[in-house]
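*Asks:* As listed in Swiss-Prot for this protein:
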TOPO_DOM  1-56  topological domain 'Cytoplasmic'
MOTIF     20-24  motif 'Basolateral membrane targeting'
TRANSMEM  57-77  transmembrane segment
TOPO_DOM  78-96  topological domain 'Extracellular'
TRANSMEM  97-117  transmembrane segment
TOPO_DOM  118-130  topological domain 'Cytoplasmic'
TRANSMEM  131-151  transmembrane segment
TOPO_DOM  152-285  topological domain 'Extracellular'
CARBOHYD  205  N-linked glycosylation site
CARBOHYD  211  N-linked glycosylation site
TRANSMEM  286-306  transmembrane segment
TOPO_DOM  307-451  topological domain 'Cytoplasmic'
REGION    328-451  region 'Disordered'
COMPBIAS  366-376  compositional bias 'Pro residues'
COMPBIAS  410-434  compositional bias 'Low complexity'
COMPBIAS  435-444  compositional bias 'Polar residues'
């Protein structure tokens, strides 16, 4: 039979070998296989799912907006400190410095969520930024609708522009912010009072400071604010050579204005109310306001979409990292199991060689078994062919039956084969034969016929 060449060492799996091959190679090959196991699997990095361009775009845009918000917040705080006044709950809306500060702070917080979430790949901050931007747009839309409702509602009761202006007139002396707002409206819109077109200035009779009642102790009794005076009167007085004339003329224009007729005051103060000019101003810019709010949805949608895309990319990248970590754990466990198997092969090889060396040093047993001990033979008496005794009579049926019963009794008293003890020795065999011969001589056991 031709000699068969040994098979080459082939790996059945990355870093593993055939069991028979490893067993035949000895203790050196499994060690080399372990090196293959440890070096076959390299740490692979998952693919990059986060777009660097998108990430840094979101970061830069939100950083710029954050700096703008910081500037607006600083301006509001500066204005509030420069003209510090008592702050009430209504001043949150009426005080421009507080409004500017709140607006700047809101921009800072929202933009901080955006650029910090993009920088740190934080899904929670990115989603907070998108939600805040969307809610801010909803708030802008709601405020715009409120303004449209105020100026296009003619009811004197309830929330309307007429009600707000009357509230400002009644609380002119109690809130400095309201006083400044009313003065700015009357100077810029060239009006005085609220509602009436010809006699709007008479609405100041509802003010605690300017009413004409006998219980009013104020020096401004029956007057109107200085902002109701016409600019032409002040400018004419300012062009005079008398430096005291502008001050005197400004005092004369508003004093006792509520006691005079509109025709007597046309050259000194504005007589029409501020509601109609304010409504006309809003109507002229209503289209621009609506277009601005409508176009504002474009950058809002872009920022929300970009942020959500970035958040999904970060989430998918985390999923890939976790999946790769799980794969690495399974790979390490598999390599550990392979090392254990190879170690067991080494131990098996060492045990096989140790057994072979022990068998080589142990003396070889002889091929011929040792002789059995000699069997002692008891000399057997020869039976006489002819007996000198007289001829025996044939046994009767009763004697034969008694002999059969004794035979059955002796058979039942013997030990069953299943419960028999160890194999009988030669001496016991000889004794049994002698006992059988004695029984045969006494005719208790029938003799076998010789053919």
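Backbone N, Cα and C define each Cβ position, glycine as well.
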*Asks:* Near the Cβ of residue 211 (N-linked glycosylation site), how many other Cβ atoms are there if near means within 10 Å?
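*Replies:* The answer is 18.
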*Asks:* By a simple count, how many Cβ atoms lie within 10 Å of the Cβ of residue 205 (N-linked glycosylation site), its own Cβ left out?
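*Replies:* There are 15 of them.
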*Asks:* Would you mind listing the long-range same-chain contacts of the topological domain 'Extracellular' (78-96), meaning Cβ under 8 Å and 6+ residues beyond its ends?
*Replies:* 102, 175-178, 181
*Asks:* Residues of the same chain, at least six outside the topological domain 'Cytoplasmic' (118-130), with any C-beta under 8 angstroms of its C-beta?
*Replies:* 50, 55-56, 58-59, 62, 110-111, 303-304, 307-308, 310-311, 314-315, 317
*Asks:* Taking DSSP states H, G and I as helix and E and B as strand, how many residues of the topological domain 'Cytoplasmic' (118-130) are helix, strand and coil?
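*Replies:* For that range the per-state counts are 11 helix, 0 strand, 2 coil.
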*Asks:* Could you tell me the C-alpha distance between residue 205 (N-linked glycosylation site) and residue 211 (N-linked glycosylation site) in angstrom, no decimals?
*Replies:* 4
*Asks:* Using DSSP reduced to three states, classify residue 211 (N-linked glycosylation site) as helix, strand or coil.
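*Replies:* Coil, per DSSP.
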